[in-house]
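Novice: What follows is a structure written as structure tokens; I'll ask about it next.
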Amino acid sequence: MAIVPIRIVGDPVLHTPTQPVPVGPDGSLPDDLPELIANMYETMDAANGVGLAANQIGVPLRLFVYDCAETRGGGTRHRGVVINPVLETSEIPETMPDPDDDEEGCLSVPGESFPTGRAGWARVTGLDADGKEVTLEGNDLFARMLQHETGHLDGFLYIDKLIGRNARAAKRAVKSNGWGVPGLSWTPGQVADPFGH
């Protein structure tokens, strides 16, 4: 296992839809997948993240790992991996997100957070690390995480979903940090935690 660099907004791998993880006729997964998943967990844990998509570490495959509580206030923590996820959600509100309840951050936009409109409920179906079907469903923070990580795999960052003044603030943050160009990354444990955990 290894902690690997996390790509920063502007890297093409973050802005390109990922490819499905190949599944053999017998349901088998690639032999090197366990090592990738282990590296993703270690990197996510070192970064104090609640989720990490494969393309955030430069691997353009459709899977993410997570370690997320049900709500912002806590509740049961869920940890796992979803391979080739398919997302369903309730309706996404068209109003401006609440700055207190809808704050969202991303390891690929380190240290920044912005109110982001998300559906209140989400479900993801896919495969677990053993190639068995898995369904995850939740509300609140868990639903937000499912939408956020699946969005990564579709080639979008949460800042791409921002509207109004929040979108303008995110563009300013990207510019002022010198992001938005290929080749930038940060490695958890080698730099201070950008979110101050």
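Just so it is clear, glycine is given a Cβ too, placed from its N, Cα and C backbone atoms.
So Swiss-Prot says this about it:
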- Glu149: active site (ACT_SITE)
- Cys106, His148, His152: Fe cation binding site (BINDING)
Novice: I want to check the contact list for His152 (Fe cation binding site): same chain, sequence separation of six or more, C-beta distance under 8 angstroms. What comes out?
Specialist: Leu14, Ala53, Asn55, Gln56, Phe64, Ser108
Novice: Relative to the Cβ position of Glu149 (active site), how many further Cβ atoms are located within 10 Å?
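Specialist: Here the count is 26.
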Novice: Using the Cβ center of Cys106, His148, His152 as the Fe cation site position, which other residues in that chain lie within 8 Å, going by their Cβ?
Specialist: Gly51, Ala53, Gln56, Leu107, Ser108, Glu149, Gly151, Leu157, Tyr158
Novice: Same-chain residues six or more away whose CB lies under 8 A from the CB of His148 (Fe cation binding site)?
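Specialist: Looking at Cβ-Cβ distances below 8 Å from His148 (Fe cation binding site), excluding near sequence neighbours, one finds Gly51, Glu104, Cys106, Arg118, Tyr158.
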Novice: Have a look around Cys106 (Fe cation binding site) and count the other CB atoms within 10 A of its CB, chains all included.
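Specialist: For Cys106 (Fe cation binding site), the 10 Å Cβ neighbour count is 27.
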